[in-house]
Amino acid sequence: MMMLIRCISIFLLFGFVNALIDEASCPIGWQIASDQCVRIVIAPANLKHSKKYCHHEGGELMDTSVTLLLEDVMDLLKNLHENGLSEPTFHVGGMGQALNRTEDGNYKIITINPSSHFPFICSLNKMARRSLLFQQKLLPVGAPQISLTGQSEIYFHPRHDADYIALPCTVQGNPKPTVAWYKNDVEVLSPSMSNVSYLLSGGNLLVPASSTLAYSSFHCTARNSLGEVRSPPILLKPSFIDPFRPHRLDVYSLATGGAKLDCDAPAHQPKSLTYSWLYGSSTDRILSQNERKFISLDGTLFFSYVTAEDEDSYACSLSVYSTQSGHYGPFFRLISSTPKLVNSTFPPKLDSTQPQIFPEDPKVGDSIYLECFAYASPLPQYKWSRVDGKPIPARSHISNYGRVLKIEKVNYGDAGKYKCVAMNAFGSAAGEVHVKLRAPPSILQGLHDRLVPTESNVSFECLLSNADSYSSVEWFKDAKPIVPLLLPAEKRKRLKIDHNVLHLKFADETDSGVYQCVASNDVGSSSSSALLTVKDSAPVFPPNAMSRKVFAAFGSTVSIPCIFEASPRFHGKWADAGGSKLPQKGRIRDEEGVISIEKVLHEDAGLFFCTAHNKLGKAHAQVQLIVVNKPSIKTNFLDEETVNMSCEVELTCENSAECPEALFEWKINDRPAKEYPSLKSKVHEKKSGHKGRHLKQKVDLEVPKSLAGSRQIGRFACSSLYGGSSEFVTKPQLPSPIALTVEQMDEDGKKKKMFRLRWRLPPQHRDTRDHSPKVEGYLVELRTRKNRKWRAAERQLVGNMEKDSITVENLLPNTEYQFRVRSVESAAIGEPSIPSDWVKTAPGAPSETIDNLKWRSLDSQTLLVEWQPIEIGQESSGDNLRYRVSWSEATVGKNATDDMKLSNQDDDFENHLDSDQPQAILKLNTTEGCRMVVLAVRPVNDQGNGSVGTDTIAFLNSHGELKKVSLHNVKPINASHVNISWTWDNTSDCDTKHAVQITCINLSGSEISATVASDRIFWMLGGLEAETAYDCDLKAIDNHGSFGPASKKFRIHTKQHPPSETPLIGKLMMKQMKDTYTTILEWSSIELQKPNRTENGCGYKIFIYISETATEAIELDMPLQRLSDRRNPSARLDGLKLMYMYTIKVAGYNPGGIGPISEPRSIRLGSPGTMDYTTGSSDVPIPSLLLLLLLLLWRL
């Protein structure tokens, strides 16, 4: 039996970092492609500068030899092209190589002049990827964001009764952002203010459908501690339809024999495409279209030729959906001017308006209609084609006897000229219509978060397509417009806006915040935002960022990065144990902060030092490299039933307790041993030598007969903390399937979410004389466009399996998949096949159900219903997702849920409406007294209906009684704030509640009030005067300003004034103790409490900031009772770390709150001038504050 032992070059990089960062993700500003991270840089450069840029970012020009990487990058480029990117050529790795877009939309590698300027593509190596991910942890996360709806205009029908318009504002961030709304740039509603004219529903705003809001502009903002963003404005436009003219003249047929009746529609908004015609002087007789009669989408009625029966009276009818009304015009007569031509024949002649397109200015994503009508006798046939020779889009279909070509969801590829030909036996006529598409501006590459040091230059670019280069671009900082002319002169010099690029010079900390660009045109807006953090910090090596010891196997290659936090950031410098800097070339070298040692030798072991410094300071870290022999594998065939394999590591440590566990891991045919439950392993450890300095660690693996039959086991690999080794036991390789194809399966004529994969094995495997192992099955792997990582198909996805095919089912609808297949036998898995082409599942009905269904009564006939939206951040299951709200009404006392019990669960209640937002406003029938409404919501789309979630019962009362509210508890917090909580009366479900109003009046008559939404049961009331009594009550209030019964009055007393004086820090020094050191802080005493008052709750607060620029402090209390000398207060700060920079502030406090905070004092412990060598003459003990545990928790 032949065996091959192979050494695997495995080196220990800091494994614990894996727990700190997600190495499967890409750093900010990079995109995942296959298993790598890439950046597509649009700014053109020559080959030299492209390489320099990629190298500066920690990467290199993309390697085109990796097939999966190349395919994924091509997909990214195709997406950019579809969004408007016109650049066809990109520099990639290799001398003079580039990716070039071909006429068929694919990309191929070409050779170009290296001095030519083109965009380029960088990819990150693993070390740089890890380093950037770690450095990225310095960036604050959770800046607010607003998900755009794409709506720039909303039409509404003004009403006198209560009706509302829902304006969407979906926000994200951590901490959760607060939402405020503005009307014409004036704030109208936020969580801290109330306005009975508006309702805040989650982040969405409900405004009354009043004519006073016509042409008003609304926008929302989202704000948290990191910054603020704003949405593009939404313009409210009233829907209306004017009356038709009362009279119109009769119409005569055309000389050709046909007829054209214009609708002569009145002014209306929005423009309607819904027309019909009445005839016979009756509003009950509606004209039907046929091969001879055609109603255009602009309302025109055409006759191919006129017969005697067509001489009748006609009237045009127009309806506008958003007004839920329509009008019809006066009746008039059609008179044939050429009766002799009734039975004549003539060739087709297109009307002067034909062909035409609807809507007239189509947008990307619209469904468009191309119309073509010709006068002719006999009736003509119609034929559609594209002038450029391309096929008609697959999303199109022809209707209305060939006269209408409809194209669903048009994209830029559908633009161009279309030709219509009308033909009969006597001739033909042709015409062309040009499809020009519009769209909101497309931001090809958005802004991304940045961390920069002070005095650096920063640029943000909203990269627009060439077609959008003339769009309007506005810039905002924390939701405020950036207008250079309105800025102070100093800042105006530093800031420059060049259309879609913002330049900021010599940045300082006041420039930190959320920057946002909004690109707009007459179609809509697009927006992108990013958080800029301007911060200086001295280099710090975070705990657990670098291992104190690195173990490397003899003969392997090891790389050790210098990982630290700093701003500004430079590469760390490595030196050996003697202090000599490592060279940049050679077997042992420093590659911009990364030690690289090739073919590790035993004499390479020892200490290495990394030094990081910037203008604020310097920091050091040391790493000990320990070289060990690679693990060895021994194979012992015990009998025909069992094989025993052992993997052994031998190393020497100063103390065996310091030798880390080897952490062995076995793999069989590249799959973890834990996937083979029949395997058994056992770990041994043996010590020898003085004090156990010599250590052997061994793991045994027992392989049973089921895997060891015929001694053809496969490949066994043992890896450990110190390296790895593997053993091949002779065995023919399993063949990889070839010629993989994918067939979409149909059932009952409907496309299902299932595919049939077919393949074949290579010819040599089918010849059993080569003693190839028997293939016992196949493993299907898949990935999606959105998640490009290969993974095994779950069991529920794999259906019927045959010799050379398999069914994959239960896939997500409307999702693109790629598949590959591996051969499998009992102890081995073969290499994967070449991936299949991308295939897309058919759209389907929504599979998610609605959660968190809530309701609120707006009045006795109006309900606001809200729920959690579905399909957030994922592919939509089908077209036109919306929500169907259905309800059933009943008076209290009748079981309203009987309707649901008697009906099919898949049926809706008798009343229902569809909403494209996760809320709806229901107008109910007028009913006296109390009633309950059973509500149900299901998601639906054009492909079908989803399932109904849990029903909810709402209660309404036509008498408008408001619930009674009662005080639960009141607790003064400080001199100006008090916490109030309450409960609602539950004796009746029908009493309504919209909000609660808190009203407090002091003895001098000064009033403070606050209105709080009904879903809150507590509120912190602020703005109160110190040491003042207030009489308060609670009342329910509805959205019309009507109040319910007041609660029983209660009195509150605010606390005293906080201290008014500011402490002064006198001494901040490091002091040597007997066995250690401490930090002494002294400050001036202030008056904390008025005379003759208790000292309970009085003292000083010490604020400790780790670094000069930290924004969050550790707060420590020093109660007055703990001070040994109240006239000269001081404290010992134990647990501070050497060489760390700390900033200290002090403030006094009493039950009324915290007083003014002192000026800061900073200290770097251990630096010259920070030691206090005096012994001191006083024996008064100084109270100590232990910080070590608190600091560790703060760092975590």
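Glycine is treated like the rest: Cβ placed from N, Cα and C.
Keep in mind that what you see is a predicted model, and the values were worked out from it rather than measured.
When Swiss-Prot is consulted, the disulfide partner of CYS420, picked from CYS372, CYS462, turns out to be CYS372. The disulfide partner of CYS220, as annotated in Swiss-Prot and taken from the candidates CYS169, CYS316, is CYS169.
Using a 10 angstroms CA-CA radius around ASN979 (N-linked glycosylation site), none of the glycosylation sites in ASN100, ASN457, ASN945, ASN1092 qualify. ASN100 (N-linked glycosylation site) is 34 Å away from ASN457 (N-linked glycosylation site) when you measure Cα to Cα. Here the candidates are the glycosylation sites ASN100, ASN925, ASN945, ASN986. The one whose C-alpha lies nearest to that of ASN974 (N-linked glycosylation site) is ASN986. ASN945 (N-linked glycosylation site) is 44 Å away from ASN100 (N-linked glycosylation site) when you measure Cα to Cα. Reported as a whole number, the C-alpha separation between ASN945 (N-linked glycosylation site) and ASN925 (N-linked glycosylation site) equals 27 Å.
For the domain 'Ig-like C2-type 2' (232-319), the DSSP counts in helix, strand and coil order read 3 helix, 33 strand, 52 coil.
The highest number of surrounding Cβ atoms within 10 Å, among the glycosylation sites ASN974, ASN979, is found at ASN974.
Residue density at ASN986 (N-linked glycosylation site): 9 other Cβ atoms are found within 10 A of its Cβ, drawing on all protein chains shown. With respect to their backbone Cα atoms, ASN1092 (N-linked glycosylation site) and ASN925 (N-linked glycosylation site) stand 68 Å from each other. Summary for the glycosylation sites ASN457, ASN925, ASN945, ASN1092: the Cβ-based neighbour count within 10 Å is maximal at ASN945. Cα separation, ASN925 (N-linked glycosylation site) to ASN986 (N-linked glycosylation site), rounded: 25 Å.
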